[in-house]
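Engineer: So TrEMBL says this about it:
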- 1-14: compositional bias 'Low complexity' (COMPBIAS)
- 240-252: compositional bias 'Acidic residues' (COMPBIAS)
- 298-308: compositional bias 'Basic residues' (COMPBIAS)
- 31-108: domain 'Bromodomain associated' (DOMAIN)
- 1-29: region 'Disordered' (REGION)
- 240-308: region 'Disordered' (REGION)
Amino acid sequence: MADPAVASGAALSAGGRGSGGKAATSPAENYHLARRRTLQVVVSALLTESGFESAEKAAVETLTEMMQSYITEIGRCAKAYCEHTARSVPTLSDTVVTLIEMGFNADTLPVYAKRSQRMVITAPPVTNQPVTPRALSAGQKRTHPAYIQGHFPEFPDPHTYIKTPTFREPVSDYQVVREKAASQRRDVERALTRFMAKTGETQSLFKDDITAFPLIAAQPSSIPYLSALLPSELELQTLEETDSSEQDDQTDSENAAGNITNDDPDADKENSMLPPSSVVPSVKATEDSVIDNPYLRPVKKPKVRRKK
């Protein structure tokens with residue numbers, strides 16, 4: 001009865017001979033090829049001890065296949081005896097029983113091992129295993145719950161699904177904040193100057209090279225003193241705020257006066273006697289009194305609020 005391991009080894013050797021010595025790609029194929037080469041070296045050493053000086057490749061392959069089948073059968077039988085006695089790892093007694101079962105005299109092994117013509121085979125070079133990079137350590141690795149069977153794949157590493165937020169403390173040093181604000185302002189001004197120089201008209205310091213040191217061209221104004229007479233945006237904003245506060249105070253006083261007149265019955269009679277068109281001129285007067293030009297507005301004293 002053919003053993004599956006022997007059959008697979010034979011198929012592998014046949015495939016290796018048929019492929020013309022192509023390099024294996026998977027680790028399993030590399031392992032089988034290394035084991036096959038080691039057995040070929042052992043068979044060649046045994047042939048040399050027996051007095052052979054040369055051998056055909058087909059004969060060496062046949063002897064290698066026979067040795068592989070013999071070793072595989074010993075391992076299979078030793079494993080069977082081990083499992084028969086409720087153990088998982090074979091021992092020396094299992095191997096001795098296997099050799100006796102296969103018809104081999106185990107007493108001749110010490111004499112054969114101490115023979116004088118024995119050839120020593122050097123161990124194959126050990127290749128260093130590639131160093132696997134350490135996984136990121138974040139959190140604790142989860143195990144399967146009770147309702148998930150053990151043959152299912154494990155959970156991935158915690159760093160693949162755990163989110164670790166990071167926060168940077170705001171800089172509160174006065175000197176650092178001022179330096180950062182100054183650098184940002186300088187960068188903004190420089191970027192704005194370059195943009196205006198690229199999009200608008202420019203003047204150059206050198207007549208030969210126009211692109212070197214471009215300067216923003218000054219735009220002459222027909223009324224150069226107008227910018228000095230017009231108020232700044234800050235002044236306009238303060239004027240608007242004072243006007244709005246005065247208008248609020250005026251509306252509050254008008255509402256208070258209206259409440260007082262409603263309480264007086266004589267005032268109601270006088271108001272009823274007034275024509276409806278008498279209210280329109282006051283509204284027009286208030287609209288005419290509001291002037292957009294700040295220089296044509298009447299002078300207003302700043303409101304001083306007294307402390308209560």
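FYI, residue positions are counted from 1 along the chain as it appears here.
Using N, Cα and C of the backbone, Cβ positions are placed for all residues, glycine too.
Unlike curated entries, TrEMBL annotations are predicted automatically.
Tell me about the surroundings of these features in the structure.
Structural biologist: The DSSP breakdown of the compositional bias 'Acidic residues' (240-252) into helical (H, G, I), extended (E, B) and coil residues amounts to 13 helix, 0 strand, 0 coil.
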Engineer: Reported in the order helix, strand, coil, what are the DSSP residue counts of the domain 'Bromodomain associated' (31-108)?
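Structural biologist: Final tally across the stretch: 60 helix, 0 strand, 18 coil.
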